[in-house]
Amino acid sequence: MPRLIKDRVPTPERSVGERVRDFGEVNLGYSWELALREAERCLQCPVEYAPCIKGCPVHINIPGFIKALRENRDNPSKAVREALRIIWRDNTLPAITGRVCPQEEQCEGACVVGKVGDPINIGKLERFVADYAREHGIDDELLLEEIKGIKRNGKKVAIIGAGPAGLTCAADLAKMGYEVTIYEALHQPGGVLIYGIPEFRLPKEIVKKELENLRRLGVKIETNVLVGKTITFEELREEYDAIFIGTGAGTPRIYPWPGVNLNGIYSANEFLTRINLMKAYKFPEYDTPIKVGKRVAVIGGGNTAMDAARSALRLGAEVWILYRRTRKEMTAREEEIKHAEEEGVKFMFLVTPKRFIGDENGNLKAIELEKMKLGEPDESGRRRPIPTGETFIMEFDTAIIAIGQTPNKTFLETVPGLKVDEWGRIVVDENLMTSIPGVFAGGDAIRGEATVILAMGDGRKAAKAIHQYLSKEK
């Protein structure tokens with residue numbers, strides 16, 4: 001029985017004073033020595049019973065990859081090679097999920113060690129394996145092995161949307177021998193990984209490497225293609241044997257507050273897309289400036305709100321997060337909240353906008369806020385915010401609204417016969433097939449705004465379902 005070590009090995013981070021001046025990654029990740037020390041804490045639960053595996057949406061063999069690190073302690077390259085081989089069976093994007101997954105709610109939340117101490121830092125170990133493999137060319141060697149083993153079956157599948165669900169589905173299908181083409185509306189593939197998550201959380205070079213690996217598997221990626229406009233859905237159905245829709249939830253949810261259309265008010269989607277995809281923070285090197293005032297209000301309490309707030313802070317603003325519940329009810333990851341607090345983002349709880357106030361030129365100058373109190377839990381399990389009727393005014397010259405996103409109705413309206421629910425989410429059966437035979441969907445397009453790993457889980461499930469569906473055809 002391994003000796004129980006209650007305290008996890010901390011990961012190095014850049015100092016606050018250094019990191020707030022640029023968009024470089026905050027968490028520096030484990031070295032081999034630190035990763036091995038953390039791996040030693042794992043109790044090695046039997047795979048068939050391991051709670052961490054059950055807590056992972058893609059069911060990575062977590063004890064298995066950690067065991068590979070421990071058993072090859074004198075040979076880091078061999079350790080990482082075996083660990084990556086195990087991870088890749090279930091997760092093709094470990095460098096990404098190791099950074100952005102809410103492990104504390106999933107694998108780490110289920111960890112047995114967490115009942116008496118800190119759970120194993122599974123996410124950071126996964127990231128270490130992926131980073132070490134990339135830096136030492138190990139992933140290229142393993143990928144070459146996989147490519148050599150692919151046997152083409154002559155069938156074609158189209159993927160609409162190059163986000164986490166689409167990329168995962170494409171990778172799995174390519175390994176099964178399908179000819180896969182991804183159609184992406186934007187000029188860069190990656191979806192939320194590229195336009196939604198800032199560099200300081202997910203460096204874009206990592207995403208680009210994963211995309212390069214996908215292309216090496218034989219996947220074609222067509223950008224600047226808006227299905228329904230550039231090419232019709234019916235044309236895709238005629239050309240391909242099956243279709244997967246992974247168009248995400250890219251339409252911002254905006255509440256109709258008075259004054260919400262004033263200059264200086266952004267959706268978090270637009271704000272982060274300009275910064276992440278169009279490199280607004282590098283103006284004039286990139287000609288996509290974004291105007292951020294001296295006092296910025298970010299409305300919301302999820303990861304997107306934290307990303308927007310921390311980005312605005314790096315552009316030189318004084319930033320406030322305004323949230324209608326308390327810190328306890330925030331949906332953002334604890335690590336992201338902690339980083340925002342460390343960096344100087346200010347939090348105001350139990351408030352919600354009543355109206356936005358403009359100056360004579362139509363620019364935002366203040367927000368009237370209403371104080372809230374907490375009532376009984378709602379359907380989310382969190383206590384419901386209740387208006388008190390008490391209001392006050394705070395001066396802000398920029399506001400970023402981060403209260404959620406919904407699926408893109410523009411695309412959905414171009415697909416005749418596709419059934420959606422009242423929220424605009426695509427309706428699917430237990431195999432992720434839509435109301436149209438041979439057309440599957442997953443990720444935020446069926447869930448609404450969710451996590452990267454849940455979208456990847458859908459992509460993996462859909463790939464298996466597509467394979468079963470096409471294998472049954474004569």
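Just so it is clear, glycine is given a Cβ too, placed from its N, Cα and C backbone atoms.
These come from Swiss-Prot:
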type	residues	note
BINDING	Cys42, Cys45, Cys52, Cys56	[4Fe-4S] cluster binding site
BINDING	Cys101, Cys107, Cys111	[3Fe-4S] cluster binding site
Field: Residue pair Cys52 ([4Fe-4S] cluster binding site), Cys101 ([3Fe-4S] cluster binding site) - Cα distance, angstrom, rounded
entry: 14
- prompt: Near Cys45 ([4Fe-4S] cluster binding site), which residues of its own chain have a C-beta under 8 A away, given they sit six or more steps off in sequence?
  reply: Pro51, Cys52, Pro63, Val112
Message: Can you tell me which of the binding-site residues Cys101, Cys107, Cys111 is spatially closest to Cys56 ([4Fe-4S] cluster binding site)? Compare CA atoms only.
response: Cys107
Task: Restricting to the same chain and to sequence separations of six or more, state which residues have a Cβ under 8 Å from that of Cys107 ([3Fe-4S] cluster binding site).
output: Cys52, Ile53, Gly55, Cys56, Ile60, Ile62, Ile122, Gly123
Field: Shell list ([4Fe-4S] cluster; ref centroid = CB of Cys42, Cys45, Cys52, Cys56; cutoff 8 A)
entry: Ala50, Pro51, Ile53, Gly55, Ile62, Pro63, Ile66, Cys107, Ala110, Cys111, Val112, Ile120, Ile122
- line: Same-chain shell around [3Fe-4S] cluster excluding Cys101, Cys107, Cys111, C-beta within 8 angstroms of the CB centroid, reads Cys52, Gly55, Cys56, Ile62, Gln103, Glu104, Gln106, Glu108, Gly109, Ala110, Pro119, Ile122, Gly123
Message: Return only the integer: C-alpha distance in Å from Cys111 ([3Fe-4S] cluster binding site) to Cys42 ([4Fe-4S] cluster binding site).
response: 9
- prompt: What is the total of other Cβ atoms whose distance to the Cβ of Cys56 ([4Fe-4S] cluster binding site) is within 10 Å?
  reply: 25
Field: Distance from Cys101 ([3Fe-4S] cluster binding site) back to Cys42 ([4Fe-4S] cluster binding site), taken between C-alpha atoms, in Å
entry: 20
